[in-house]
Amino acid sequence: MLKLTEKNITNGVKSENLIGKGGSGNVHKVELNGGKKLAVKHIWTSDSSNGKSYRSSATMLTKSKFRSQEYDAEVTALSAIRHVNVVKLFCSITSEDCSLLVYEYLLNGSLWDKLHSCQKIDMSWELRYAVALGAARGLKYLHHGCDLPVIRRDVKSSNIFLDEDWKPRIADFGLAKIVQNASGGDWTHFIVGTHGYIAPGMFFLYLFISDSLKCTNFTTIYVLVAEYAYTCNINEKCDVYSFGVVLMELITGKRPLEPEFGENKDIVHWIYTNLENNAILDEVVDINITDALKEDVIKVLRIAAHCTAKILVLRPRPSMRMLVQLLEGADPSKLTDIIVH
């Protein structure tokens, strides 16, 4: 059993152990006395006059008065998640100015690193496919396998990590949302995410939702026009679109936003434009993928197009449950074909 204490975790949160930076905080690699490594995300919960400020471990002591019931409920729910394709959240530590989320450490870094950074490797299609299928299974579990579904809300290649066996894990739940029961009083649906991974048509909307339906309180939220127009709800299909972008990254080897796509254009627009212009497949598929596997790549490209469909009335986004089935049918070792209607 892993034994954690607040002291040995907070003592390891220091500049020399920094391994990553994000919009909500920094990630440190902390090694325990027995050699066990952890990934500790240091999340800021308040801004100083100079923006986000780093605090020493002395200010990170747990103080119950700074906890919210909602935060505790979500951490408790996420801590209970156990799936081979979802990173383990061991515990959290909360203080006045920050929160620490303690995760398992994954040796091979993120999918983004292996596709786009100086740590880039030549990934075979078989490995890319295995990563796609594993990540899809992790999201399927979050959406359909938990007592309270978890909408990841920021699915992207930098939030898919690879363990020592190159198996993918959905990670970094700083923006994830537990879907509460509708009978639980006032509630709002909103979405956040990363540019390039969010479905088009986002705008500000003042929305109030409550059991009483009396407009006495308003919240500024982001709403996806496409999803909201047809479902009147922001749901797990937002994750599906983002996952489709990740599939396109795996297929093309390109980032979601590249100068070659054009001003204000992303990878989805670039791929659709190429397909509509009957471009040869070699112009879309990563040159590191061998020609013998291009037919298998086309199968996954069709699935990615299904995830990122523009006209949802004619072609609703699939659920993650359906996506896993589609991807299983696209296994490079199988001879079956996929037709996405």
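Keep in mind that glycine also has a Cβ here, set from the backbone N, Cα and C atoms.
Owing to the predicted nature of the structure, the values given are computational and were not obtained by experimental measurement.
The DSSP secondary structure for Lys41 (ATP binding site) is strand. What TrEMBL lists as ATP binding site is Lys41.
This prediction places the mean pLDDT of the domain 'Protein kinase' (13-341) at 78. Per TrEMBL, domain 'Protein kinase' is recorded for 13-341.
There are 24 other CB atoms within 10 A of the CB of Lys41 (ATP binding site), with all protein chains counted.
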